[in-house]
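Taken from Swiss-Prot, the feature Mg(2+) 2 binding site covers 307, 311, and the record attributes it to similarity to another entry. Residues or ranges marked as Mg(2+) 1 binding site in Swiss-Prot: 307, 311. What Swiss-Prot lists as motif 'DDXXD motif' is 326-330. Residues or ranges marked as Mg(2+) 3 binding site by Swiss-Prot on the basis of similarity to another entry: 452, 456, 460.
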């Protein structure tokens, strides 16, 4: 979020006042500068993976399995992180399973909730009426549920797929959290099950970073007496092989960023190359999207430095000049800029030129124009916030959110993310869809903006910052900070409901595109869960190491 300095001079002196943020430095030094891919190991993994994939594909399409067994197999494949190898087969199976599903089957809570979650994740609108049999005549949850730990855990995870108007799932969410927390504190759960429950309470499946959650689940699954060794072996090999690829990509990005040497010219900015790549890997981790990860990371880095320029260094007059330069998007505009801004502006133009050249080779350059326009729009909104800060203006919450849905980067990140997808998926129509300001992109932006406003509020206000959504809501409604936080989290939950609903069939665009918007939303849940983990990267350091450095023991 942007803010600017009160004025360009103090007491007539030429040196402007700058409310420096003093962001924490990069954690990584030269840790990711060099990496040599062990091609022999990579090929070894790959050869075994191909054999195992065919065995698992045969499992998925084999007939004769009961519906509950089939849905559980699909769930395990998803949670192990290997379902992307079998998307077509899984979708065909789910279409048949949903068409034949009968809620009068004698399914237990675990199985019903599992069906509900898997169907909803794939766009099938199963009614929450399927849970009615677990309520008594007074509408209360049956007491027997409290003793069914796996059922409670399954229902808890299912509640994250709720849409607006599903009050039952709100009640079920609160009920299962209370029961599971009580069980964890008691003596009756095994250590393995207790660990699984504690992790779920900390991070739900639906809102988690898919690759990190896969690694967690592998550690649980290998202790499961009913595990399938073929599935487990495939999951471990797949994670480790993909980790090698991601590590090599990160090394290229890290070296590119070091060679660009932008941070030495704008030392006030956050140096977050590794964290931006982590972010991009959440958007799409699959091996075929290596170009997309590089593109998205580079654009995120440029936006991060731009944000910090408006937020923690530039004077109002400097920022107005920079905003105009970005709108022109022409190298001649550089002559009007202060020296430190010239470096940033040059990097912006050069990186987009580089991205356009790379994508043109694959016939996908048409998305670059949309990304540029989204970048220009964000900068204009940053300037609006800079003006608000200069004037000491506290907007109404509605006025604030209208601007904040731009600065939340929803449109830019979605557009830039789409640029990395296959041309037959990210079509010109897909980019035009973004221009319609779809509910899902707005909801994703609202989640990121509001959770960031809550988590970074105290630190930003301490150094001097434009009024955030929290401040605007407190002033407009005359409520305390804590009361405003409660209301903002209600809005965040409603935004998640909107995302879930937009992913139900029939969808406006391909599910392959919508899943990227969902993944961008998931980042906010992971990175900003307890504090601003982007500004304070030590919060997500273990996630980065787990994803890019620590392989799974074979």
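Residue numbering: from 1, along the chain as shown.
Glycine is treated like the rest: Cβ placed from N, Cα and C.
Features per Swiss-Prot, on structure.
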residue: 307; record: Mg(2+) 2 binding site; Cβ within 10 Å: 19
residue: 311; record: Mg(2+) 2 binding site; Cβ within 10 Å: 26
residue: 452; record: Mg(2+) 3 binding site; Cβ within 10 Å: 23
residue: 456; record: Mg(2+) 3 binding site; Cβ within 10 Å: 20
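Residue 456 (Mg(2+) 3 binding site) sits 13 Å from residue 311 (Mg(2+) 2 binding site), taking the C-alpha atoms as the reference points.
Spacing of residue 311 (Mg(2+) 2 binding site) relative to residue 452 (Mg(2+) 3 binding site) is 14 Å (Cα to Cα, whole number). Break the motif 'DDXXD motif' (326-330) down by DSSP state and the numbers are 3 helix, 0 strand, 2 coil. Look at residue 311 (Mg(2+) 2 binding site): DSSP puts it in a helix. Rounded to a whole number, the distance between the Cα atoms of residue 307 (Mg(2+) 2 binding site) and residue 452 (Mg(2+) 3 binding site) is 14 Å.
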